[in-house]
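Per TrEMBL, the features are:
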type     : residues : note
TRANSMEM : 37-59    : transmembrane segment
TRANSMEM : 71-96    : transmembrane segment
TRANSMEM : 117-141  : transmembrane segment
TRANSMEM : 170-189  : transmembrane segment
TRANSMEM : 198-216  : transmembrane segment
TRANSMEM : 222-241  : transmembrane segment
TRANSMEM : 248-267  : transmembrane segment
Amino acid sequence: MPNTIDLASPLAYTPAETAELICRAGVKKGRSRPDKVLLSGISGGCILSFGCAVSLTAVTAPWYQENAPGLIKLIGAIVFPLGLVTVILTGADLFTSTNLFTFVAVLNGRLSIWRMLLHWTLCFFGNLGGCLFVMSIIVGYGGIFDADPYKEEIIAYTTKKQIVPAAHQIFLRAIGCNWLVCLACFLGVQAKDLTSKVVGMWIPIFAFVALGFDHVVANMFFMPLGIWMGTPGLTVGLYIWKGMIPALFGNILGGSLCCGVYFWWMYLADADDEHDSQAKGVLHDSTSDEENQMGAR
């Protein structure tokens, strides 16, 4: 039996109410028409790519890279969340966030595994298409980063992120990445006003960027851009087997297990227990508006 939600309470939903909203959103996402999911994924990839490009611009400061690398890393981390936050607020789909929403719905028995996997697949390839479009057509042929020091920074960044680390390191970093991204999604759903949503999502995303974790969709922009710019040793094959695949499975594990299973077990698995006070509330007709907003994500 689904949790009920008290929309009259101020400021934010309780964790149990938030988990219920995430589950409902996962059901709606998983049952969406495939063409809409694919288009939403393309939009998500495009929007995130713009955030990635702005982040690259912000961290391109050679003197600071040499003398204050921690400071310039924090500056990039402050800027980067604008992409992910905009994706979520506009209702576009990202593969990483859907790991949380649809997996919780599956665990709660409201969505089939088949629909979840279909949604994941469409989101993944939609995100890839959107990232490659912005990277090549807008940024690449647009000559945004053709001049130094931007070109040098892209080569240095992609070397550090793809050539230097081992595959298992990228996998482990990807777990931490989507753990934080899905926490950001949870806080975004939990907040009721726009400012609180933005601040709540911004902080965990800032943390994953500052720590240098790997986001499979963001890397769909960064790594092809590095290949475009001629990063030594970086090829499509190397990126796929050493970068994309480890980051993909790491993100799935971080979002689905570390966040999805946890929130389901804590707040939804025993929701029928009459002694679970967090499962109680008053369900208003206006809940449908919140479901529509969450379902778009």
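Glycine too: its Cβ is placed from the backbone N, Cα and C atoms.
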(message) Do any residues, 6 or more residues outside the transmembrane segment (198-216), come within under 8 Å Cβ-to-Cβ of it, and if so which ones?
(response) 55, 73-74, 76-78, 80-81, 84-85, 88-89, 95-96, 161, 170, 173-174, 176-178, 180-181, 183-185, 187-188, 190-191, 243-244, 246-248, 250-251
(message) If we skip the immediate neighbours and take only residues 6+ beyond the ends of the transmembrane segment (117-141), which ones have a Cβ under 8 Å from one of its Cβ atoms?
(response) 29-30, 32, 34, 37-50, 53, 93-95, 98-99, 102, 217, 220-221, 224-225, 228, 248
(message) Should anything in the same chain at least six residues away from the transmembrane segment (222-241) have a Cβ under 8 Å from its Cβ atoms, list it; otherwise answer none.
(response) 52, 56, 131-132, 135-136, 139-140, 145, 151, 154-155, 157-159, 161-163, 167
(message) Please report, as numbers and ranges, the same-chain residues at least 6 past the borders of the transmembrane segment (170-189) whose CB is under 8 Å from any CB of it.
(response) 13, 18, 21-22, 25, 84-85, 88, 96-97, 99-101, 197, 200-205, 207-208, 211-216, 242-243, 246-255, 258-260, 263, 294, 297
(message) Six or more residues beyond either end and a Cβ under 8 Å away: which residues meet both conditions relative to the transmembrane segment (37-59)?
(response) 29, 65, 72-73, 75-76, 78-84, 86-87, 90-95, 119, 122-135, 138-139, 144-145, 150, 153-154, 157, 209, 217-218, 220-222, 296
